[in-house]
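Features as listed in TrEMBL:
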TRANSMEM  12-30  transmembrane segment
TRANSMEM  42-59  transmembrane segment
TRANSMEM  65-86  transmembrane segment
TRANSMEM  93-111  transmembrane segment
TRANSMEM  123-142  transmembrane segment
TRANSMEM  154-175  transmembrane segment
TRANSMEM  181-200  transmembrane segment
Amino acid sequence: MSLTDTVGKCAAIATIGTFFAPVLICRDIIKNKSTKNVDPTPFIGGMAMSILMIKNGLLMNDPNIIPVNIFGFILNFIYFLVFYFYTADSKPLFSMLTKATLFTGVLWGYTTIEDEKLIEYRFGVILTILMLTLIGSPLFSLNDIIKNKDASMLPLPMIASGAFVGFLWLIYGLLIDNIFIKVQNIVVVILCLIQLGLIFKYPKPDSKKRD
């Protein structure tokens with residue numbers, strides 16, 4: 001097995017591991033019987049991105065991408081069901097799901113009509129933008145985090161595992177010399193490190209009291 005194959009398989013396995021990070025979030029939801037201060041965006045966005053990454057894997061004919069994202073979709077769907085069961089208001093949740101479903105359908109349809117010579121590059125650009133938006137979405141509340149000195153809304157397990165997996169995929173991208181995988185994961189690692197810095201600078205209020 002070549003170094004590229006080894007790194008690719010390690011990255012794929014590590015990615016599967018990150019899919020279990022939300023289990024801790026769901027555990028708290030079940031324990032508190034509430035979704036207060038929990039954002040469903042990672043679950044819905046995770047389902048959408050998994051579907052789009054499956055399509056990207058088909059376009060690239062990359063065996064490391066497809067099975068990982070099939071598994072990712074299944075897990076994110078389970079997390080979505082947990083959130084739905086305990087949420088007090090499901091209307092915003094289904095509104096978000098509907099928009100994500102329509103958007104995903106449009107992009108999947110786009111891949112069927114685009115020029116075969118251009119689709120891999122253009123779809124790669126679209127996925128890069130979407131992935132970075134999803135991963136960086138918690139930073140949209142940066143002003144509130146700094147103002148309240150509370151980063152408890154940032155999901156530590158997902159961010160920490162995301163940084164590690166991003167680093168592995170970055171190495172894989174360098175080995176196969178794929179510009180999209182390289183750019184995506186350079187930014188992923190940077191965004192995750194910024195969020196980790198905020199988590200340690202502004203810990204949960206309960207943690208501050210114990211200190």
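Here the Cβ of each residue, glycine as well, is placed from N, Cα and C on the backbone.
Here the structure is a predicted model, which means the values were calculated and not measured.
Highest Cβ pair count under 8 Å relative to the transmembrane segment (42-59), across stretches 65-86, 93-111, 123-142: 65-86. For the transmembrane segment (65-86), the residues of the chain that approach it from at least six positions outside its boundaries are 12, 15-16, 19-20, 22-23, 25-26, 29-30, 33-35, 38, 40, 43-44, 46-47, 49-51, 53-54, 56-58, 93, 97, judged by C-beta separation under 8 angstroms.
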